[in-house]
Amino acid sequence: MRFDVLTLFPRIFDGYLGESLLHKAIEAGLVQVHTHDIRDWSRDKHRKVDDRPFGGGPGMVLQVEPIVDCVEAVSRQAETAGRLVMLTPQGRRLTQSVVEELAEEPRLILLCGRYEGFDQRVIDLLQPDELSIGDYILNGGETAAMVMIDAVVRLIPGVLGDEQSSVDDSFSHGDRLLEFPHYTRPRVFRGLETPPVLLSGDHQAIARWRREQSYLRTEQRRADLLPDSTESATGTTSDPQTPTLSKDSRDEPRAD
Ligand code: ADE
């Protein structure tokens with residue numbers, strides 16, 4: 001999968017792209033990330049790409065010409081034109097199901113805003129998919145683009161060691177539950193014990209306990225995620241196969 005990131009600050013991405021899972025995915029040829037400096041498409045001798053808003057008001061607006069030129073030129077750099085995504089607090093919310101939809105694309109072009117945002121004609125002409133990572137205002141779309149890349153790449157087959165682990169952590173399969181608590185060695189720390197059931201070796205009992213804990217947590221913290229029909233934290237209506245919002249539940253902790 002190929003990402004092209006259009007930004008005024010391409011170096012912001014260097015650290016993130018050079019570390020951990022994403023670095024490995026790039027090394028393995030599963031993911032390509034190309035950053036592009038929007039200023040390279042400026043028509044101004046000072047590489048200016050913003051101007052004051054017509055009608056007055058604070059801040060600066062990203063100009064239509066360099067942005068449209070940049071998107072069109074970058075789009076032509078690969079065979080597939082790619083899906084254009086604009087990171088903006090005005091967009092629809094990025095959820096796990098949107099992430100899943102994006103992960104199906106062969107190429108995403110991510111347009112990162114700064115300042116007061118883009119001239120409206122950028123949106124009218126290019127009709128990007130406008131996406132927001134949450135109801136708060138960031139200094140720019142770059143961190144939102146990183147969040148999006150991060151969430152999308154872990155769904156690309158082969159990026160995670162065990163493909164099952166991105167199935168386990170899904171927010172998007174029917175019932176959505178928060179993850180149950182995890183424990184690992186030592187068994188006791190400052191008097192805080194590991195729940196004995198986890199050391200029992202009884203896999204059915206462990207699965208039951210985890211399911212109950214997931215329901216309890218979801219009920220206490222994020223009742224909005226529970227379907228209306230869910231009656232109690234003990235899972236009277238629960239499906240034993242219900243996936244949780246877990247990051248990774250592959251590894252069984254050892255008792256010792
Ligand atoms: N740019 C500024 N704030 C943002 C947000 N919440 N989501 C996506 N892009 C943004």
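Here the Cβ of each residue, glycine as well, is placed from N, Cα and C on the backbone.
All TrEMBL annotations are machine predictions without curation.
Note that this is a predicted model, so its numbers are computed, not measured.
Features reported for this protein in TrEMBL:
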- 1-226: domain 'tRNA methyltransferase TRMD/TRM10-type' (DOMAIN)
- Gly113, Ile133, Gly134, Asp135, Tyr136, Ile137, Leu138: S-adenosyl-L-methionine binding site (BINDING)
- 218-256: region 'Disordered' (REGION)
- 229-246: compositional bias 'Polar residues' (COMPBIAS)
- 247-256: compositional bias 'Basic and acidic residues' (COMPBIAS)
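Close to Leu138 (S-adenosyl-L-methionine binding site) in the fold, though at least 6 residues off in sequence, lie Pro89, Ala144, each with a CB less than 8 Å from its CB. Comparing Cβ neighbour counts within 10 Å across the binding-site residues Gly113, Gly134, the minimum falls on Gly134.
Asp135 (S-adenosyl-L-methionine binding site) carries neither a helix nor a strand DSSP state and counts as coil. Other Cβ atoms within 10 Å of the Cβ of Tyr136 (S-adenosyl-L-methionine binding site), summed over all protein chains shown, number 7. Residues Gly113, Ile133, Gly134, Asp135, Tyr136, Ile137, Leu138, recorded as binding S-adenosyl-L-methionine, reach a greatest CA to CA spacing of 16 Å.
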